[in-house]
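Asker: Okay, handing you the structure first.
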């Protein structure tokens with residue numbers, strides 16, 4: 001805070017000649033007027049005004065007495081501190097890192113729980129438990145189904161424009177909710193009323209039928225792709241999942257999203273509605289009807305997490321080297337294998 005103080009300094013003229021021009025110069029005599037306080041002035045003075053700016057600091061100084069050099073050094077210290085503080089550039093507060101912190105905490109919790117479960121029992125027992133629970137089947141099917149899927153490219157396109165952690169959180173929230181809903185629908189097949197119950201495992205047969213249907217359909221669609229579809233996913237964007245994802249993102253995200261909540265909501269809504277009725281959802285329903293709901297839900301969510309993470313980190317890179325035809329054939333074969341395994345009770 002700077003305070004301007006005007007100080008008037010009167011500089012007298014050295015001499016004044018007589019009017020007739022003769023004789024030595026007359027000395028000026030001061031006349032003092034007393035009006036409450038003494039105010040002296042000299043006649044025929046020319047006032048010269050100067051503005052003196054005094055720099056003050058808004059530092060609170062406690063009461064105390066200073067003598068001699070202590071007072072001077074204290075004043076110099078305050079002046080130098082104020083100067084240094086005023087010369088330092090002010091930095092705006094950094095943005096919050098809550099989404100990254102939440103993702104890191106969830107990842108650490110998952111790793112800690114996996115570590116405890118794995119080392120508490122024998123590794124072979126853990127693997128057998130995962131296989132029997134449906135975790136392995138759900139993870140493999142969902143992971144292969146999501147690679148090159150519409151939701152895969154939606155997450156990749158959004159991650160190119162916005163913060164990756166926010167896109168991952170929004171996408172995984174949608175996929176986790178969709179997985180839970182699918183498992184609940186699958187368990188409804190097991191809750192048949194008593195008057196309709198028979199000795200036939202209707203839920204398992206429905207799951208086998210769904211898995212076989214998607215297996216044959218995936219192989220048929222991949223086989224009908226043109227020969228130039230062997231190149232990569234991005235090269236076939238005119239008629240593939242990438243073209244649909246690009247059109248959907250351009251239509252729904254017309255303006256730039258600035259708020260983190262907007263990015264979370266847009267990622268959630270786009271992925272949720274794109275996943276509704278998709279083959280991965282129906283595959284989760286089929287597995288949920290035939291196997292353990294907890295194993296299927298955890299395996300499906302883990303498969304979604306790995307596939308979505310790959311899409312966000314290197315979706316554009318993977319699209320250059322993955323063949324749409326090859327991905328479709330592998331997915332169809334896996335669907336058929338799990339249908340056969342479910343029929344013979346392997347899982």
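Note that Cβ sites are derived from N, Cα and C of the backbone, with glycine treated the same way.
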Asker: Between 42-69, 70-97, 98-125, I'd like to know which one Swiss-Prot lists as region 'Disordered'.
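Answerer: Result: 70-97 is the stretch Swiss-Prot calls region 'Disordered'.
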Asker: Short question: which residues 6 or more past the ends of the transmembrane segment (327-347) have a Cβ under 8 Å from it?
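Answerer: Tertiary neighbours of the transmembrane segment (327-347) are 131-132, 134, 136-137, 140-141, 144-145, 147-148, 204, 207-208, 211-212, 214-223, 225, 233, 283, 287, 290-291.
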